[in-house]
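Here's the structure, in structure tokens; my notes come after.
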Amino acid sequence: MGLNKSASTFQLTGFPGMEKAHHWIFIPLLAAYISILLGNGTLLFLIRNDHNLHEPMYYFLAMLAATDLGVTLTTMPTVLGVLWLDHREIGHGACFSQAYFIHTLSVMESGVLLAMAYDCFITIRSPLRYTSILTNTQVMKIGVRVLTRAGLSIMPIVVRLHWFPYCRSHVLSHAFCLHQDVIKLACADITFNRLYPVVVLFAMVLLDFLIIFFSYILILKTVMGIGSGGERAKALNTCVSHICCILVFYVTVVCLTFIHRFGKHVPHVVHITMSYIHFLFPPFMNPFIYSIKTKQIQSGILRLFSLPHSRA
């Protein structure tokens, strides 16, 4: 198979049939974009500069915030360009790079949530050994493994995109590049590119979810063995924020997968809207979840803006 010699650009798509409303759709998406940047940026700033937050739990939270920022910064510039400027053209190289980062960061987010579940598991099940198990070095190693696993797992299918000829329509179905959209336009044998992502989905994302699920069964079993009701509530509260983030991420994954697999007769705009929800809702919600449910983050925000706060 030779290097791709077909036309060098793809055409991105906003909301088909709603082109006259693109400027209005741009406004809430821009607001969400700014909120995500501010929310996750604030979390990263707090964790970096507040010594009270220099603990494994918050280092993992910083990884989640950085991943969410990465997803947003990768997808939203082309979305806003399409909606406001009608800038639909994107080169093959830029498109494939965008697809690589979008899919890598999605797998990485699943890995970070698994790492956070491990942190919660150690906190509840082995509190006396917590500091000896989750040292700064160990946290760094976990972060590198999560990043490496995600980056290497996505690379094979994206590398192959550079070699496919594209002789069909060059119009993509979203305002950003996704692997599954691009391969539909290829005039070549795409069997590997169809099957490999399914393997990644089951071997990584689904496996991550199952490990998280069973770890929380063990956590719940430990918590239920605590005699005091107050201590049980305190122990559960330790992991409430993480549980909320897990639900936000995996529910959107399940909904998006369901729509793509079984929604053949669903209007295309529903597919597009669900994609935006999948990529924007978790990064938008995660900072709010941790700000509302975690007292240390609340205190850090109040200190950042020099507001008096109760120590109760």
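Using the three backbone atoms N, Cα and C, a Cβ is placed for every residue, glycine included.
Taken verbatim from Swiss-Prot:
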{"type": "TOPO_DOM", "residues": "1-23", "note": "topological domain 'Extracellular'"}
{"type": "CARBOHYD", "residues": "Asn4", "note": "N-linked glycosylation site"}
{"type": "TRANSMEM", "residues": "24-44", "note": "transmembrane segment"}
{"type": "TOPO_DOM", "residues": "45-52", "note": "topological domain 'Cytoplasmic'"}
{"type": "TRANSMEM", "residues": "53-73", "note": "transmembrane segment"}
{"type": "TOPO_DOM", "residues": "74-97", "note": "topological domain 'Extracellular'"}
{"type": "DISULFID", "residues": "Cys95-Cys187", "note": "disulfide bond"}
{"type": "TRANSMEM", "residues": "98-118", "note": "transmembrane segment"}
{"type": "TOPO_DOM", "residues": "119-137", "note": "topological domain 'Cytoplasmic'"}
{"type": "TRANSMEM", "residues": "138-158", "note": "transmembrane segment"}
{"type": "TOPO_DOM", "residues": "159-194", "note": "topological domain 'Extracellular'"}
{"type": "TRANSMEM", "residues": "195-215", "note": "transmembrane segment"}
{"type": "TOPO_DOM", "residues": "216-235", "note": "topological domain 'Cytoplasmic'"}
{"type": "TRANSMEM", "residues": "236-256", "note": "transmembrane segment"}
{"type": "TOPO_DOM", "residues": "257-271", "note": "topological domain 'Extracellular'"}
{"type": "TRANSMEM", "residues": "272-292", "note": "transmembrane segment"}
{"type": "TOPO_DOM", "residues": "293-312", "note": "topological domain 'Cytoplasmic'"}
- Note on the structure: Mapped onto three states, the DSSP assignment of Cys187 (disulfide bond) reads coil
- Item | Contact set, same chain, for the topological domain 'Cytoplasmic' (45-52): CB under 8 Å, 6 or more residues outside the stretch | 58-59, 61-62, 65, 296-297, 299-301, 303-304
- Message: I need to check the long-range neighbours of the topological domain 'Extracellular' (257-271): which residues 6 or more away from its ends have a CB within less than 8 Å of a CB in the stretch?
- Response: 15-18, 173, 180
- Tell me which residues of the chain lie with their Cβ under 8 angstroms from that of Cys187 (disulfide bond), as long as they are six or more apart in sequence? Phe164, Pro165, Tyr166, Cys167, Arg168
- Item | Any contact, the transmembrane segment (195-215) to the transmembrane segment (24-44), with at least 3 Cβ pairs under 8 A | no
- Long-range neighbours of the topological domain 'Cytoplasmic' (119-137), counting only residues six or more past its ends (CB under 8 A): 56-57, 59-60, 215-216, 218-219, 222-223, 235, 238-239, 242
- Counted with DSSP (H/G/I as helix, E/B as strand, rest coil), the topological domain 'Extracellular' (257-271) has 10 helix, 0 strand, 5 coil
- Secondary structure of the topological domain 'Extracellular' (74-97) by DSSP, residue by residue, totals 18 helix, 3 strand, 3 coil
- Around the Cβ of Cys95 (disulfide bond), other Cβ atoms within 10 Å, all chains included, total 22
- Message: What residues elsewhere in the chain lie close to the topological domain 'Cytoplasmic' (216-235), defined as a C-beta under 8 angstroms and at least 6 residues from its ends?
- Response: 117, 120-121, 124-125, 243
